[in-house]
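So that you can see what the record holds, here are the features copied from Swiss-Prot:
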- N103: N-linked glycosylation site (CARBOHYD)
- N118: N-linked glycosylation site (CARBOHYD)
- N124: N-linked glycosylation site (CARBOHYD)
- N306: N-linked glycosylation site (CARBOHYD)
- N419: N-linked glycosylation site (CARBOHYD)
- N510: N-linked glycosylation site (CARBOHYD)
- N562: N-linked glycosylation site (CARBOHYD)
- N630: N-linked glycosylation site (CARBOHYD)
- N722: N-linked glycosylation site (CARBOHYD)
- N848: N-linked glycosylation site (CARBOHYD)
- N916: N-linked glycosylation site (CARBOHYD)
- N1055: N-linked glycosylation site (CARBOHYD)
- 1-27: signal peptide (SIGNAL)
- 28-1105: topological domain 'Extracellular' (TOPO_DOM)
- 1127-1155: topological domain 'Cytoplasmic' (TOPO_DOM)
- 1106-1126: transmembrane segment (TRANSMEM)
Amino acid sequence: MAIYSSFWIRLYFTFRFFCYFLTSVVASDVSFLGDFSGFNVLSNSSANTDLSSQFFEQTNNGSLSSLIDTSYSNSQICYSSWQGDLYVIVLDSEQQTVLLQSNFTSNPTSLEIFSSQNTSFFGNISAIFCDDKFPYAYATFTFSDKPSFTSIYRWNVTNSNVTIEHFYNVKGNVDSLFFLNNDSVAISGNFTEISPFSSSNGPQIAKLAFRSNNSFSQNSLNRNLSSVSCDLTDSYSLWDPSSSGLVSIYAWAPYLIDFNRIRFYNYESSENSVAFFSAINPADGTVLPLTHYDLETGLSSTCDVNCSLQNFANYQDFYFSKGYNSYQIEIQMFGNGEATENSAFGLSSLQFFETNQNSYFDDSYNQESCGFPGLNSLSSYEGNFEASFSNASMPYWIQTIAGEQASVSFFPNITVPTNGTVQLLIPGCTYDNTCSQRGSVIANVYFAKNKQPATKLVQQASDFDQYVSLYSGYLQGFSDNFRPYVELLPYKNSRMVTHSIRFLEQSYTNVSNGLVFVNTTTDVNKLPSIIEFPAASKLRGTAISQIKSLSNGNFSLYMTGNFSDNYGNNVVYMDSLNHLHSFPNNGLNGWVSYIYVSGDSSYFGGNFTHTGDGSIKLNYIAMYSETSRNWSSLGLGTNGPVTHIGSTSLFIDGKIESFISFQGDFNEVYTSEGYAISTSGFSLWNPSSKSWVSMEKLGFYMSGYLFDIPGFNSTQRIYSGNLSAIASYSTRNIAHFSSDSLNDTFIPCYVNAFPSYIRLEDIAYPFANNSMIAILGSEEMEDKCTAAVYFANSTEPIYPKRILSANCSSKFIVLEDCLIIYSNDTDESDIVKNTFVSFNTTSNSLGNTTALSQLKGHINSVIVDDSYNNIFFGGNLSEQSSGCVGFCIFEYNSSSWRNISHNLISAEVQSILWVNETYSSMYLAGKFVWDTSDVDYLLMYNFDNNTIMSCKGSSSIPGPVLLASLKSQSKDEYSVLLYGTEVSSSDTYLNVLNSEGAINSYSLDIHLNQSTINSIDFFESNQISQIPINDSIIVLSGLIVLDDSSKASAVYCVNKSCLPLLTAFKDNGEAGIVRKVVQQKSFSSSASKMIPVTTKYDHIGQPRYVVIISLGISIGVMFLIMSGSIVVEIIHWFFSEHVETLHDYSNFLKELKTQ
């Protein structure tokens, strides 16, 4: 302990006394106390609470602001960040609208992706998901008529021309999409089958190619077997061989065909028919052997030349017995020799089937122009096209003139509704060296009647032959005036290449457990494919809550949820070799809802309390080390389930600090020592110090949650979260305003000296001329509130010293160096009993409060006179020895109650006000009943003659006064502001009473009846330096509803216009209420400019400069006297023995610092 002499203490205070009077003025700091955890100053702004998720920006000084202003309700939001830009997708489930928002830092844009008015898609949008690895968003669609069917679509969020592409279909419901490090997505849910779309040999509905009038062969009878034309030589579309006796059909395909069979259709009304035919290979003229089923004998037979056709069947099939793979084929048909020149063969249609295909491409000659219903495929075009070069891998057509208006359309023979995939075949350009001549093509797929087409931009400069997926999903069959088709258009000035289109029927893969992994290739010309993980089939998708990749460079997964098997409980690990592994200690004993992977550490949250074997207590949250393979707790966990884990990096004191953030259904987290830290369902863990962070230590307030958005522009801190309020300051029930204009911290340093589980209820300043303060702190323990009185240093964050226990409702009375703690306690019979404790701050001892304890009833108001001897109590009170009613006076030095002369039979005093600085009389505001049954609401007490009497103007007050405040203009001129309830209407009123007794209504631009007012104060302009008004102001505190219906916890009013002073918030983001306003006399640390005030006294007639000059002379004389005594003291001290002073104030401060 340091050694101090009384001499040096006197020297110190003499110097402070001198500096104070020469450089400072006395001012009053103001503290607002109430039920709040954060606040804004001179602002009532708060966050939009309509959205389930929002986006915020934090500046370097720590303040938060809303980044995106949207007004959608019932919304889902996800985001994707790509190359420093943020893309936000908003789903309004009620309106069935999906919007894409982007460019928030420059020119914000909003683009509609889906809407109920957009008829391009069937079903209802049920959910959206965003890929955090690639700039893709996904949407799931469900169908009212197919409740067990879900479609998944996706789109690139960076494209201004959004192209929606079908991703997958499942038979069942999709719950979640998890995006993994190996460019894949895990789809989980309750489904049994999934359509892979990547099968190249699936059932083929139709396959057709481009057809030009300028065909490859000059023979007018040649036909393209992949397109459809009509033989217009006969109105009945029948072939007439009478002139030559032979019809030769030369058919070619623009791709190699593995021919399987030929089908001949007979024309039912024909009397004659084709009798014989041969199939010939045009390359060498050889006849191809065929087999067929003889309808007359029932036996299978073989033929080559003059294969016989039978006309009594609708159709007849002939199979290629030795296989035939080629681009072309020729069919030569002969009559029966009896036909005349005008007869016709009764053959209506001819079809060619590929091997392993369930459907066909056709050449039926039965399109609509021929008078038939049109059950065949066809193609059409506009513009000029030329044949490909001879070196091409297959014959194709290319647009002759770049930039010319052109189009190509393909009409498949789809007769019934189905789900399919449409693919465009692009011939490779390296074979004929045409890559530089090719550009892009726009593909529009018209899949259903009255629906907008699905559009895709396709790059045609493909090195090798490949199929490109244009569309997957529903395909409507022929209906009234509609058939599905594909339209190709050149993009910009590109030369369009056209070849063929194929339509594949969707095939499904069995997924019995509802969990499948899919490759999410971002190559638009490739299809996604299923990744086989046999080990994953041991887990059900409906039991999975999270799947996360590990950051070890391999494709390793943690999978969690609500399951139990041979690999452990609720969490398993799958390595890169597709082997499942259990976690140590048999996993966790409850469901796991979320995983967050950070380096070697993985954080788990859920509804578990221990490891699976019960050996390690975790309490809803755990950390797992991949290296040591050990579980560890975070402090002592939380008091409720954790639902989400992420990272949150925040600016604190101008530096970025990184935390692991947790969200869930909890309101406390526990330190390793067992201390509880209050939260609002969101808390931060510091992995460096391995400790929980209390919100007020961050320097700003959070009523909700904030998570980092990785990949966004590093010059900004952007977060995803939901804050029900945005406040600049975090605190525990207190906001402090200093008269020092340089002090704008608003949070007293002693707040952070208290443990986070202690809430500040009241403060007082019992120590004269020093920085010590008394604080009433409360805490909740086992649903019971306990409190204590602490001493702390108002200028240093020294750990406070606990003095004595108290009640949570206790309040302070200060008499110089004596602190009185009192509380209004109600017993089981609702009888109020007051408890008093007196503590002397100089002797550190308790005083006698027996006489004080004789006061009965509820205390509403307490003031002390300037002698620190008389305590004035107001309330619903009585004291037997003095006979006081409602208003009682306790003389502290004599420890007795003063007898007051009055004729009241009942009284309840709400406010006590000194009338002027002479301390000779005071106003008593409340409700009073005289022995004559008359009622008053404002009385005056004269201290000199000890009487209570009516005052001028009181009869005009409309009802009981709840609060009163007095503004003094001079010794005899003042105004009293009265707030109360009217007797006639029970509405609240605000009136002003002047010193002459005149009373008038005082209107402010607030909603008085909707407001809760707990304090009314008059302040001078220098008392709260942050208020930009150089005039006296009225401050209303509580919960004030302003004229625009916004709320503030305290407002300042000038000329009857009110503006927010303090907007406080509770833990849940609701508006906080100020309960009490405490003023402290303090020294200003910087010189203040004093404004001269002229007096009202005529016999002086001069400004108060005279008083100031006289005061300065007196101070100078006093300083000379004290300086002389100091010289004497120095000589005495030099020749004297030095003795320790153990009870001086400095040593007391040192004691606090060491505790």
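Quick reminder: no glycine exception, Cβ is built from N, Cα and C everywhere.
Projection of Swiss-Prot feature records onto the structure.
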| residue | record | CB count, 10 Å |
| --- | --- | --- |
| N124 | N-linked glycosylation site | 13 |
| N306 | N-linked glycosylation site | 12 |
| N419 | N-linked glycosylation site | 18 |
| N510 | N-linked glycosylation site | 9 |
| N562 | N-linked glycosylation site | 17 |
| N630 | N-linked glycosylation site | 12 |
| N722 | N-linked glycosylation site | 20 |
| N848 | N-linked glycosylation site | 10 |
| N916 | N-linked glycosylation site | 16 |
| N1055 | N-linked glycosylation site | 9 |
Reading the DSSP string in three states, the entry for N419 (N-linked glycosylation site) is strand
Could you round the CA separation between N630 (N-linked glycosylation site) and N562 (N-linked glycosylation site) to a whole angstrom and send it over?
21
Could you state the whole-number distance in Å separating the C-alpha atoms of N916 (N-linked glycosylation site) and N848 (N-linked glycosylation site)?
32
Tell me whether N306 (N-linked glycosylation site) sits in a helix, a strand or coil according to DSSP.
coil
Restricting to the topological domain 'Cytoplasmic' (1127-1155), what is the model's mean pLDDT?
45
C-alpha of N124 (N-linked glycosylation site) to C-alpha of N1055 (N-linked glycosylation site): distance in Å?
57
Taking Cα atoms as reference points, rank the glycosylation sites N306, N510, N562, N722, N1055 by distance from N419 (N-linked glycosylation site) and give the first.
N510
Minimum Cα separation from N510 (N-linked glycosylation site), reported as the residue among glycosylation sites N306, N848, N1055 that achieves it:
N306
Nearest of the glycosylation sites (N306, N562, N848, N1055) to N722 (N-linked glycosylation site), judged by Cα-Cα distance
N562
Using Cα coordinates, what distance in whole Å links N306 (N-linked glycosylation site) and N848 (N-linked glycosylation site)?
132
Pairwise CA distance, N848 (N-linked glycosylation site) versus N1055 (N-linked glycosylation site), rounded so that it is a whole Å
48
